[in-house]
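The following features are taken from TrEMBL:
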{"type": "DOMAIN", "residues": "13-289", "note": "domain 'Peptidase S8/S53'"}
{"type": "ACT_SITE", "residues": "ASP22", "note": "active site, charge relay system"}
{"type": "ACT_SITE", "residues": "HIS58", "note": "active site, charge relay system"}
{"type": "REGION", "residues": "189-209", "note": "region 'Disordered'"}
{"type": "ACT_SITE", "residues": "SER228", "note": "active site, charge relay system"}
{"type": "REGION", "residues": "303-353", "note": "region 'Disordered'"}
Amino acid sequence: ISAPTVWAGGNRGEGVVVGILDTGAIHTHDDLKTNWRSTYGWFDPTDKSPTPIDTNGHGTHVAGSSVGQNGIGVAPGATWIACRGCTTSSCPEAALTACAQFLLCPTDVTGKNPKCELAPDVINNSWGGGSGSNWYQANVDAWRAAGIIPVFANGNAGPNCGTANSPGDYKNVIGVGAVGVDDKLASFSSRGPTKDGRVKPDVSAPGNQVRSAWRTGNNAYKTISGTSMASPHVTGAVALYLSANKAATYDDVYKAFTTTVDTKTLTPDNKNCGGVKDATYPNNNYGFGRINIARAVGANVSPTPTTPVTTNAPPTPTTPVTTNAPTTPTTPVTTKATPAPTNGVPTTTQAPPVTTSAAGSCNGCKSCYSTSIGYCFPAGYSKAQCATFVDYKTIWCGV
């Protein structure tokens with residue numbers, strides 16, 4: 001994906017915070033220890049560990065591919081934080097939801113004193129399950145409203161058409177398919193279209209036989225496969241882009257990535273999923289194509305220097321979730337990649353009608369306000385939309 005070309009121009013992702021929502025991460029690993037943000041940088045809803053742990057290895061591998069040092073990560077100059085939304089073999093819905101809240105507005109180790117200004121710029125999500133499930137949509141919408149860019153694995157349910165996983169199939173996330181070193185789409189990589197006929201994935205990245213950090217030691221590595229491995233390549237690439245373009249929005253990133261892809265080296269499958277010809281782009285195999293971050297960023301763009309943020313106290317845990325990590329279909333792979341909710345499509349509680357709140361309880365907010373995390377959603381959200389953010393105890397402070 002031409003990351004070294006970007007590094008040579010002086011951009012390694014400095015000034016950008018990457019969020020990892022996964023099985024945790026080993027913060028003492030040689031390739032991850034220097035750029036972990038130790039304050040407001042960790043949350044474990046399940047076991048309430050005050051420091052980062054990873055009982056699976058999947059999250060450490062993902063973190064390494066995204067921000068790892070010593071040549072394994074795309075954005076080694078970026079800072080990372082993590083939330084343990086998945087356990088050894090599953091990603092409970094409650095934990096994924098708790099992590100969505102933490103990453104939206106990080107807290108201290110007690111779950112209090114939220115500091116929304118410490119939220120990450122981009123979040124990697126190498127998990128998912130099923131197709132057409134909207135249970136996580138409100139969380140994604142909250143991230144987007146806060147200016148956070150969500151990147152999701154597209155799933156490992158290929159090679160059939162119509163197998164894109166949720167939330168990777170949502171309209172407002174970057175869904176990522178997996179290619180090998182030969183730029184051939186991995187057989188396990190989920191294909192589109194989505195249930196409502198949209199093209200997915202959005203882009204593709206390396207995800208077949210990827211070597212990265214592992215949980216068994218501070219200098220341990222493992223080679224595994226999955227769209228879980230492709231997604232952090234895109235997340236790291238987003239960090240490089242944001243380092244060079246501080247004011248860039250999701251739309252800016254999406255346009256830059258989808259208009260600078262490589263397609264000439266890709267191999268069409270002739271599946272023509274969703275009636276879209278494989279020889280045209282975007283299609284339901286590769287999306288727009290395989291990302292090329294050097295072209296997206298521009299080789300000579302250097303990051304704007306920033307002072308790293310430090311805070312006190314690691315974040316506190318909340319509740320667990322349960323998701324199955326679908327196994328990746330390649331031989332050396334022994335882990336489960338791209339965990340997905342075990343109970344199928346989770347039920348969501350209908351939000352009660354939102355009533356206008358007394359001005360004093362809104363802390364100056366003029367739109368939708370979350371009393372649980374002290375967050376004011378940007379103007380533009382309607383009263384009805386505010387009601388959908390039930391997990392954040394929202395009240396309507398607009399007129």
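Note: Cβ is positioned from N, Cα and C throughout, glycine not excepted.
In this structure, ASP22 (active site, charge relay system) is part of a beta strand by DSSP. For HIS58 (active site, charge relay system), the count of additional Cβ atoms within 10 Å of its Cβ stands at 32 [all protein chains shown]. There are 34 other Cβ atoms within 10 Å of the Cβ belonging to SER228 (active site, charge relay system).
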